[in-house]
Amino acid sequence: TWAALETAALRVAPNMNSQEVANLSLAYAKLGKSQPEALKAGVRGGGVRGGMAAAGYEAARHAVTSVPDRFWIYAAAGTAMYSSVIPFWFYGSGYLQRSHGFSVAAADSLMVVPELMLAVLSIPIGVAVDALKISFRVQQTGFAVCAALIAASHAQLAAGGNPVTGVLGLGFGYAACNQLMWAGFPAVCPPDLMSLGAGIVACFINLGSTAVPVAIGTIRAAPGLSEARADVAMFIMFSVSALLAAALASVVVRGTFDGGGGGGGGG
């Protein structure tokens with residue numbers, strides 16, 4: 001009977017996946033019947049949520065097992081690069097005021113320069129990459145060189161060198177690394193996972209850029225540590241992070257991790 005069929009449907013509704021839910025709804029519509037509220041509640045409580053949860057788990061599992069190994073190395077290199085630059089925005093102005101006698105306005109103005117260089121240089125670098133058909137290998141080599149420039153700029157600032165020169169070098173290295181990194185993204189991420197892959201990289205980048213300032217703040221809070229020594233420790237941390245980015249990019253260039261996963265190429 002119809003009542004028996006509805007009773008059976010109520011029992012299985014919580015375990016339905018999204019396609020089964022759609023089929024059930026279509027069957028009710030074709031028969032000119034309205035779904036009882038108890039059945040709707042059962043579907044809402046288990047079927048759709050269960051199907052979505054299963055789909056989400058499967059998507060995450062597929063992402064982890066499908067991307068090539070060099071995607072993760074690439075993501076780690078980008079994280080290290082951003083972690084060597086972005087946190088400096090929080091501490092750079094204070095350093096320039098303490099160590100070089102800059103006014104607040106002058107220090108803040110100089111700290112804007114790297115982001116301005118990013119805005120000015122990103123498009124020309126992108127045009128050059130496309131026009132010259134620069135390969136992924138060359139892109140990553142350029143990334144490694146510019147990450148080393150970031151490290152050298154931090155070292156110059158730590159040594160008390162010309163702050164304008166140091167910040168300009170930092171800005172150029174950051175702008176070039178940023179553009180070359182994202183230009184190489186299609187070569188390390190499978191086409192069907194582009195959005196998820198970009199989200200993973202963005203997540204890593206922001207986690208790194210959050211963790212480093214926390215670490216610097218912890219070091220600065222250490223009892224008995226002078227401002228000068230805290231500044232040196234900060235620049236060492238930045239330089240090491242930039243050199244790590246260069247080293248990881250070099251690993252990607254050598255193709256050490258090209259064998260894993262199923263991602264795209266890029267010579």
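Placement of Cβ uses the backbone N, Cα and C atoms for every residue, glycine included.
What you are looking at is a predicted structure, and each value in this text was computed from that prediction instead of being measured.
Per TrEMBL, the listed range annotated as transmembrane segment is 196-220 (candidates: 21-45, 171-195, 196-220).
Sequence-remote contacts of a segment are chain residues at least 6 beyond its ends whose Cβ falls under 8 Å from one of its Cβ atoms, and for the transmembrane segment (196-220) they are 59, 63, 67, 71, 74-76, 78-80, 82-84, 86-87, 90-91, 185, 188-190, 230, 233-234, 237-238, 241. Note on the transmembrane segment (111-129): residues 85, 89, 92-93, 96, 139, 167-168, 170-172, 174-176, 178-180, 183 of its chain, located 6 or more positions outside it, place their CB under 8 angstroms from a CB of the stretch.
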